[in-house]
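Enquirer: Taken from TrEMBL, the feature domain 'DUF4131' covers 24-186. The transmembrane segment annotation in TrEMBL covers 29-46, 53-77, 240-262, 274-291, 319-337, 343-362, 374-395, 407-431, 438-458, 464-489. Per TrEMBL, the feature domain 'ComEC/Rec2-related protein' maps to 227-491.
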Amino acid sequence: MGTKLLLAVIFGFLAGVFARSFYPLGFAVAGFAVLIAVISILFAYFDDTKRTALIIFAIALIAFAGGILRMNSAVLIGDPELTNRLDKKVTIEGVVSDEPDVRESNIRLSVKAGEIILGTSTKAIRAGVLVVAPHNTPVQYGASVRAEGTLRLPRAFEVGDGREFSYPEYLAKDGIGYELAFAQVEILSVGGGNIIKESAIWVKQKFLEGLGLALGEPQAGLGGGITVGAKRGLGKELSAIFISVGLIHVVVLSGYNIMLVMNGALRMFSSAPRLFRLFLGAFIAIFFALMTGGASSSVRAAAMAVIGVVGRATGRLYLASRALGVVALGMVVWNPFTLSFDLGFQLSVLATLGLIWFTPIFSARLKWITEKFALREITASTLGTQLAVLPLLLYQNGQLPLFSLPANLFALIAIPPAMTASALASVAGLIAEPVATLVALPAYILLSYIIEIAKFFASLPFSSVAIGAFSAWWMFLAYALMFGGLVFIKRRAA
């Protein structure tokens, strides 16, 4: 019964958050759910035969109400001082609350605004503002800044094939409710952020600096992406190629990248005690999370990687699934917007589920593939994770990469050594620049190999098929059939 109660809490709460994300549910609906739960508990008291089912149903309803209320509390409330000045030039002061997002034409700063300047006076405000400034603005995390620009609300926009990107909700997950466009930024002071995060970002930036000194582009961009999750290192053209063949997940430090490194390390110490191997896996995950500057996406990827690898290594798939549920629940409690509007969170959860549940099924049916170089493991893991995320990816971007499987099989073999070689190249670039190019040669070869694999499969006819927009209900049906089939296979095998 304990497992059923846990599942009732997890699915009930997530259902409440999901429903409130798209419909204006309030205290009335939450109260009605609690009322039905109380009635169910009363019935359970008098009916021994259905007591367990009624109690589980009541717990799920209470959790559902909790999800609604948690999402209600997270909805951003606009600041009147800013809302009254939309589409006008304003000047604000605040602190850069995250690592700057450097793009080809501009830099985007997440600013926790504390004051708005009105002539010779100031007024206190409290709002998250995305400041879009010129590309060469030398701003770092933790800096106190004064920014002047045109204030506006974020708007959803079309992304092609009839699909719409919920940009306001995407920004809301980071506490941002306004945009300041065409902004000029003045740095008032530095060092106002969290010292641990600031140090982690500094290490990441030094790492990328070393890569840049040792490697040219686009190899340095790819090396930064697979090791520390550096964004947009490849540029638009090469990123589009990686997307078209289903390899974009290797460009950022995904949970799958971390899993590959963890699996390799665990195989190297296969004769060591299990406790040591588990601690080693956890250390690797924490190391990568810190190396990325403590970015929330990387912390999430590290957590998912630990769950997936430990579940596979111990064979306790049900325990790993429960751990995944608890971690996902905790992340949604912390930030409810992640459930419905953070594609990275959704892909991480689904990929981890695929690794836990689908990979063993594929592995058992791929005995004809050699275990050398972990080929069978990579093939089964690729099939499991790709299957789990496919319906969501088709719904979100409408691209079906027909050569995703072979492209991943050829590329993923090189990821662990490429990550190691990139790390060595970065160190060489920082401390031994005269010989850095020589030390970086293995990294250059491996990274070039991955890039050429992507280009080759992208050049094939029909490498990617465009699928028009379709209802989310078709996606839900696909997952119902997928996981229903999984349950059928498990029961049949039992």
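Here the Cβ of each residue, glycine as well, is placed from N, Cα and C on the backbone.
Tell me what's around each of these sites.
Expert: Remote same-chain residues near the transmembrane segment (29-46) are listed as 16, 54-55, 57-59, 61-62, 64-66, 68-69 (criterion: CB distance under 8 Å, separation of at least six residues from the stretch ends).
For the domain 'ComEC/Rec2-related protein' (227-491), the model gives a mean pLDDT of 81.
Within its own chain, the transmembrane segment (319-337) has Cβ neighbours under 8 Å at 3, 6-7, 9-10, 13-14, 17, 20-21, 67, 70-71, 74, 169, 172-173, 300, 303-304, 307-308, 310-312, 345, 349, 352-353, 356-357, counting only residues six or more beyond its boundaries.
Listed by sequence, the residues of this chain that lie at least six past the ends of the transmembrane segment (438-458) yet keep a Cβ under 8 A from its Cβ atoms are 214-215, 218-219, 222-223, 238, 241-242, 244-245, 247, 250, 403, 406-407, 410-411, 414-415, 417-418, 421-422, 424-425, 428-429, 432, 464.
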